[in-house]
Structures are given as C-alpha cells and as structure tokens.
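Asks: Dumping the structure here so I can ask a few things about it.
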Amino acid sequence: MVYSDSHLKLFALNSNPGLAEKISQFTGVPLGKLSSKQFSDGEIMINMEESVRSQDIFIVQSTSCPVNDHLWELLIMIDACKRASARTINVVIPYFGYARQDRTATSREPITAKLVADMIVKAGADRLLTLDIHAVQVQGFFDIPVDNLFTVPLFADYYRKSGLFGDDVIVVAPKNSGIKRARSLAEYLESAIAIVDYEDDDKNRENGYVIGNVSGKKVILIDDILNTGVTFANAANVVREAGASEIYAVASHGLFTSGAADVLEKVDIKEILVTDSVVTNHRKPLNVKYLSAAEYLASAILRIHEGRPVSPLFEHEKPQD
C-alpha cells in the first residue's frame, strides 16, 4: 500500500529506526532519505537528501538513551526542515525523555521538562505526537498542539485476547501514584483494582501491603516506565505474599537500564509486556514480550495529516464478548 498524498513525508532518526520502519509500512509512506552523522568531538550533522518544501513532515525520534544525543539530533532535524521550507513539522516522540522532571521536588531544582518543551518549540516544531507521556501536565509546557496517545487500549486488547479479564483478574497499581492508570485498564478488562502501598516512605518501599484483595487472583501490575525494575519487583513480592495466583507486569516504555534484568529475574513474574517505544542495548529478562505501537502511531499520523480527530483511537467501548 502506498499512501496517495505525496505532501506527507516521514523521516526516521537514530533512536528507533525499527519502529519508524513499521510506521512507514502501516502508513504506506516511505521513509525519507537523510544522512545523520556524529563527528569525533560529538557534534551532530544532518543532511536531508530530498526536498521537503511545502511538505507536512513527521519526524520519528524517541528521546531515550543516550537521551541528550537523541534530543539534539531531533532539534537539529527540526531546524533543518524549517530552513528547507517545510509546511508543517510534526515530531513523533514515542518515549519523551525528561518528562519525569516536571516539577521542583526540592529547592533550587530546574523544571527540565519545560526547558525541553521550549527547545522543541523554538527549533520550529508545529505539533508533538507522543505515547503515554509520564506526566500529562507536561502537555501544558508546549505552546503547540500535543497529542498524547494512551497505551491502555493496546494492552487491554492483548490481555482480552489472552483470556486475562473478568473477575479472576485484578489490576494492581505498584505504587499509589498509578491508581488512575490501573483503573483505566481495569475498566477495559472488567476487573477490580488494588494498590500496593508502603508503611515507610515511597523512596525506601519497605513493609509493603495491598489495599484490596488479590488472594487467588491473576494480578496485572501496570506502570508507564520500566526503568530499574525495582518498582515491579517489590510489588510482585508484596502481591505474592498476599496470595496472588499469577503475576503479570505491563509498562508503556521498557527502558531496562543496566541491572534491571537481574532484579526482575529474582521475582515471580510470568510475563512482562512493553511496547517497542524504546530500543535498549542492556540485557532484558527472558519473560519480556514486546507489543508494537507502530500501527497505533501510524493511524494517529494519518489522522493528524488529514485533519481528523485522534481521540477515537483510544475511546473506551465496553467489549462485546
């Protein structure tokens, strides 16, 4: 399939070329030709090898590790498109790094998420498309439209097809800040929710307990970012002690930083489900399964280009089984 409108162009930078290629296949828009290289001193240079004049440009780039290299590559690409007279510049950032720095937790801390938003806008971006951004309020840091796609519909469809729904399943927030996400998935699965909390402060996460009844239930732990694996590991131990029969874990973004696999392999989690928003070179647990967000992002890209609403992609409809 080839998309009929030649005014839409799709470019992939270096953070996640595999995901960009899948998006290209689903949209029917071939990836544009460009070269991006890094000099010995770390400077990045980009050269687009085709015209973008009066075109609607979509640039696919997660700001994942190495975060700053990928962020600067994106900024330079935006500037290149702007100077080459692109009609619109739309950045597709499946994983938006720095979103966790959305407030001042202690005195004299920066709000780096706002700084990054300003840099992207100043470089010349007209719109941002992202996937389950860590803090939804970060959307307000941008002076351009932001489309934040929620991953819960993807996960819900997967679990329903796997038979994980209904009264035998309970969706658990592994920390008290994740209640809204857990409730959203539970609504799709027609299941109850529970929360893992800790008697001590959230940082130490000791003396954990469950608010809710997980005894004899199949537990699905849900979070947005899987980084060190500690949050899932601690929660898995708590729900196992509370009588969970099976434990699953799901996260939108699988960063799997160094040592995460070792942490997760020590606990009894049957399957860890993540999207392909991030590429990591670190070792991952053997029970990790990837669920591609490419078709989801591709549909959003076409809707944006055609001026159609994006919200129908994640509207909740009670499944008919």
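Backbone N, Cα and C atoms are what each Cβ position is placed from, and that goes for glycine too.
So Swiss-Prot has the following annotated:
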type    : residues                                       : note
BINDING : Asp41, Gly42, Glu43, Arg100, Gln101            : ATP binding site
BINDING : His134                                         : Mg(2+) binding site
BINDING : Asp223, Asn227, Thr228, Gly229, Val230, Thr231 : D-ribose 5-phosphate binding site
Asks: Identify, among the binding-site residues Asp41, Glu43, Asp223, the residue whose Cβ has the fewest other Cβ atoms within 10 Å in this structure.
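Replies: Comparing Cβ neighbours within 10 Å for the binding-site residues Asp41, Glu43, Asp223, Asp41 has the fewest.
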Asks: Around Thr228 (D-ribose 5-phosphate binding site), how many other CB atoms lie within 10 A of its CB?
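Replies: Looking across every protein chain shown, the total is 16.
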Asks: Just jot down the residues in the same chain as Arg100 (ATP binding site), at least 6 apart in sequence, with C-beta under 8 A of its C-beta; none if empty.
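Replies: Those within reach of Arg100 (ATP binding site), by Cβ under 8 Å and sequence separation of 6 or more, are Ala113, His134, Ala135, Ile225.
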Asks: Among all protein chains shown, how many Cβ atoms are found within 10 Å of the Cβ of Gly42 (ATP binding site), not counting that one?
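Replies: Gly42 (ATP binding site) is surrounded by 9 other Cβ atoms within 10 Å.
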Asks: Please name which of the binding-site residues listed here, Asp41, Gly42, Gln101, is nearest in space to Gly229 (D-ribose 5-phosphate binding site), Cα against Cα.
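Replies: The smallest Cα gap between Gly229 (D-ribose 5-phosphate binding site) and any of the binding-site residues is with Gln101.
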Asks: Around the C-beta of Thr231 (D-ribose 5-phosphate binding site), how many further C-beta atoms are within 10 angstroms, looking at every protein chain?
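Replies: There are 22 such Cβ atoms around Thr231 (D-ribose 5-phosphate binding site).
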Asks: Look at the binding-site residues Gln101, Asn227 and tell me which residue has the greatest number of other C-beta atoms within 10 angstroms of its C-beta.
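Replies: Top count of Cβ atoms within 10 Å goes to Gln101.
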Asks: State the Cα to Cα distance, in Å, between Gln101 (ATP binding site) and Val230 (D-ribose 5-phosphate binding site), rounded to an integer.
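Replies: The separation of the Cα atoms works out to 19 Å.
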Asks: Quick one: among the binding-site residues His134, Gly229, Val230, which has the most Cβ atoms sitting within 10 Å of its own Cβ?
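Replies: Of the binding-site residues His134, Gly229, Val230, the highest Cβ count within 10 Å belongs to Gly229.
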Asks: Using C-alpha positions only, work out which of the binding-site residues Thr228, Val230, Thr231 is nearest to Glu43 (ATP binding site).
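Replies: Nearest by Cα distance to Glu43 (ATP binding site): Thr228.
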Asks: Reported as an integer number of Å, what is the Cα distance between Thr228 (D-ribose 5-phosphate binding site) and Gly42 (ATP binding site)?
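Replies: Cα of Thr228 (D-ribose 5-phosphate binding site) to Cα of Gly42 (ATP binding site) measures 28 Å after rounding.
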Asks: Using the centroid of the Cβ atoms of Asp223, Asn227, Thr228, Gly229, Val230, Thr231 as reference, list every other same-chain residue with Cβ within 8 Å of it (recorded D-ribose 5-phosphate site), in sequence order.
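Replies: Neighbours found: Ile225, Leu226, Phe232, Ala233, Ala260, Val263.
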